[in-house]
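*Asks:* Straight out of TrEMBL:
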{"type": "DOMAIN", "residues": "A:64-176", "note": "domain '3-dehydroquinate synthase N-terminal'"}
{"type": "BINDING", "residues": "A:68-73, A:102-106, A:126-127, A:139, A:148", "note": "NAD(+) binding site"}
{"type": "DOMAIN", "residues": "A:178-322", "note": "domain '3-dehydroquinate synthase C-terminal'"}
{"type": "BINDING", "residues": "A:181, A:244, A:261", "note": "Zn(2+) binding site"}
């Protein structure tokens, strides 16, 4: 097991990473009151809920099972958590535990941020994506019919338990989607980690515990370093959006859920690499390394064949990262060295967008 | 005009107090983006909304009028604020302005805390109660069917404009209810302010601007001092609940809205004084001074005649301030010197509860 401390002064917390943490007494150590509410979903609860409950014999434990899916991440389903907490008379010393992927984590975290103006919560992420991404940074919230993640709070967990063992039940496609975010951390921040990923991608996909533990640790560490420098997302934190502006356009164009988020980010990162090369920053050899690693992770590298540059641009310009109508993108000066910039020739962007559907081809 | 700075490090903000602030350019100075959403209610908007809009000619201003009343302080009506913000495409740099009493302030503040995980908001409280109470402390939120103020956040405004002129449209009964909270600050913290209130209660009820400005200033100053010492409400801040545990029992027993909150707090403060005297802490002369000032403010001093000690105790024990079943109360060692304690003889509490309905009699 590895332990990473996210350093945020009086809101610092540990992330534990390893195999079998669901059955570890670590969980109970981070519950400070007598009451616990575990929130999970219909897919995850049958697999793992009882193991968590077994670790909490000394506490008064209630559970709430939500339907599984991003479409339930709304105020109505958030209110089900409040209903359960009030029904069971949970007080300000209660601890909420999120057992599930990003949706369960975001909703439970926001419920914890808001219930009686803030109670403790623990994250037990069960997808690779949520282990490396939504467990760090304190972003919580729900969607609104008119926009994703529009209602929420910054609220840090008191602990995160990332059990690599639970990934065995994850569909292979979702493991790959999580790997897209892992690759991202190498690309924006750490060439050495990128090199390590090139050498270990097969072990990761085969769910070697040691490799997974290291990858999750380093990804969380990079995100934690970036977030600690910029908790409220005004500057450097924007680097975490590498590939996301292209990716969101793909997700929106294809309808949410057709492409997994990580898959769209995978294709988006290669588009960012392509544009970085057209700007003269990244060598064609490096673009090829990016392409190869994304392929090795089991991810798509070509944008959908039917997407035109105009469609891309229209969808990209409604992204939150757009200020005053100018598209800002995360691009790369080198592998491991990213920047946020508007300083690229729009003609080059057009070329990348036009090439997007063919980027998978050598 | 007086200006008070609430000192909370990087979340410090000014409270401006005086006559005519609705027509002052101060408001615009605290709007930092281009977009503004003013939230008000059906009672207040016809009186004052246009005057605020007139001050914001340089901005893109949208308005939202909610129905008036505590019963609309829920997630559904909160969502109307999110609907309006998204409909009008407000971004992270928007400023929300709450124009109204405590309900509008609490809901708008929580919307500002949650919209895109936090945007700026300005309070323009239009009742005496909200000017002295809910404008300071950062508490925002909505009610849940199973409990008041159960969902919310701590979120500080960027500025508060307390215009004494708007109190002219306030029903006299609501002015008195606000004065109950003003008296409370003297009782818990400042004997000299209590003395001043004894001498100036008639001027306050006649809405003398100078007297109102001073009273609001000093009440906010005391609350700000208490909150600054204890922003997350773990210790000294509990003193602000003087009279509230008794008062909540009265409000609940009579049905919310039958007694105004401030009226119940008025009777509750006298019960706290009575119990403090029975404990041997407060002199009977001081109890009489408390009684006289509450009467002078136009407030009831006797609990409802039909409330029995058993009913009181049952309702008081569900109060949030109760830990492990023991009733904790704010009592007084002297006028201007309060404490939170469980160290009182339950027989004496019974006597106070039994005497409650007769406390108005000399």
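Numbers here mean position along the shown chain, with the first residue as 1.
Cβ coordinates are placed from backbone N, Cα and C, and glycine is handled just like the others.
Tell me about the setting of these features in this model.
*Replies:* Around residue A:72 (NAD(+) binding site), the C-beta neighbours below 8 angstroms that are at least 6 residues distant in the chain are A:66, A:103.
Under the DSSP three-state reduction, residue A:181 (Zn(2+) binding site) is assigned to helix.
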*Asks:* Give me the long-range Cβ neighbours of residue A:102 (NAD(+) binding site): same chain, 6+ apart, Cβ under 8 Å, in sequence order.
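*Replies:* Listed in sequence order, they are A:125, A:127, A:129, A:130, A:133, A:134.
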*Asks:* Nearest of the binding-site residues to residue A:70 (NAD(+) binding site) by CA-CA distance, picking from A:181, A:244, A:261?
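*Replies:* Closest by Cα: A:261.
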*Asks:* Specify the nearest of the binding-site residues A:181, A:244, A:261 to residue A:104 (NAD(+) binding site), where nearness means the distance between Cα atoms.
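*Replies:* Of the binding-site residues A:181, A:244, A:261, A:261 has its Cα closest to that of residue A:104 (NAD(+) binding site).
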*Asks:* Hey, what's the Cβ neighbour count for residue A:68 (NAD(+) binding site) at 10 Å?
*Replies:* 17
*Asks:* What's the most sparsely packed of the binding-site residues A:70, A:106, A:181, counting other C-beta atoms within 10 A?
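*Replies:* Among the binding-site residues A:70, A:106, A:181, the lowest count of other Cβ atoms within 10 Å belongs to A:70.
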*Asks:* Any same-chain residues 6+ apart from residue A:261 (Zn(2+) binding site) with CB under 8 Å of its CB? Would you list them in sequence order, or say none?
*Replies:* A:129, A:177, A:247, A:251
*Asks:* C-alpha of residue A:244 (Zn(2+) binding site) to C-alpha of residue A:148 (NAD(+) binding site): distance in Å?
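*Replies:* For residue A:244 (Zn(2+) binding site) versus residue A:148 (NAD(+) binding site), the Cα atoms are 14 Å apart.
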*Asks:* Starting from each candidate's C-beta and looking 10 angstroms out, tell me which of the binding-site residues A:127, A:148 has the most other C-beta atoms.
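*Replies:* For the binding-site residues A:127, A:148, the Cβ with the most other Cβ atoms within 10 Å is A:127.
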